Amino acid sequence: MGHGTYVDEEKLIASVAGAVERVNKLVCVKALKTRYNGEVGDIVVGRITEVQQKRWKVETNSRLDSVLLLSSMNLPGGELRRRSAEDELAMRDYLQEADLISAEVQSVFSDGALSLHTRSLKYGKLGQGVLVQVSPSFVKRQKTHFHDLPCGASVILGNNGFIWIYPTPEQKDEEAGGFTTSLEPVPLSDREVISRLRNCIVALVTQKLMLFDTSILYCYEASLPHQIKDILKPEVMEEIVLETRQRLLDLEG
């Protein structure tokens, strides 16, 4: 018996409305509408809200703002050295208010606030793309939360319910240490793929289906006969998510 459940007359009953999660014999129910409670190792997408001394404040859909310390990030070029006074003065050049980042939860403070790090070159400032905000309970925990989908776009499924959809980069720019963001115009074909993925994610969440790379891809494929704007019509949502559910069941079976 796990979180969100209790026993009454030898029956296991949910104490919240939500999604059932089973790990071996442990049964939990995650509330559908919930704030994000971070765990070490989680991947998050966040928005910078404030530049402070030697740290940035980050909105991550938690009760409290998360913190990214200057010492917990890659410097441009990925170089490893002690942070200097010049680095402190240049903090706003690296990241400023309203910038979006991907990061990993490094530790959890005693008050529940999260300390983040962007030390790997796969984390850092996000460039052009679309942010979708959903309840964290819909994001399935996986080995990786970075996915290059075969339809031509990539997604970062933040454990905190912030999902970033962006054009798949042609080559990985390892030299920049996660700081150069391409401002080249995004071709219409890429924008259409991103818009379709965004509407598919909204459809999956509306129909209470978990988000992971396969469910998003199946939903995308099921949506192809429809115009992008029509995906948000209730009857179309129901139809494409039903087809997605069926394919996922066939995959398991």
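Residue numbers in this text run from 1 along the chain shown.
Backbone N, Cα and C atoms are what each Cβ position is placed from, and that goes for glycine too.
Quick caveat, the model's predicted, so the values are computed rather than measured.
Copied from TrEMBL, the annotated features are:
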- 35-107: domain 'RRP4 S1' (DOMAIN)
- 129-170: domain 'K Homology' (DOMAIN)
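Same-chain neighbours of the domain 'K Homology' (129-170): 18-19, 30-39, 42-46, 60-62, 100, 102, 105, 122, 182, 186-187, 189-190, 193-195, 197-198, 201-202, 204-205, 208-213, 215-217, 220, counting only residues six or more beyond its ends whose CB sits under 8 Å from a CB of the stretch. Sorting the domain 'K Homology' (129-170) by DSSP state (H, G, I as helix; E, B as strand; all else coil) yields 3 helix, 19 strand, 20 coil.
Residues in the domain 'RRP4 S1' (35-107) partition by DSSP class (helix H, G, I; strand E, B; coil) as 9 helix, 31 strand, 33 coil.
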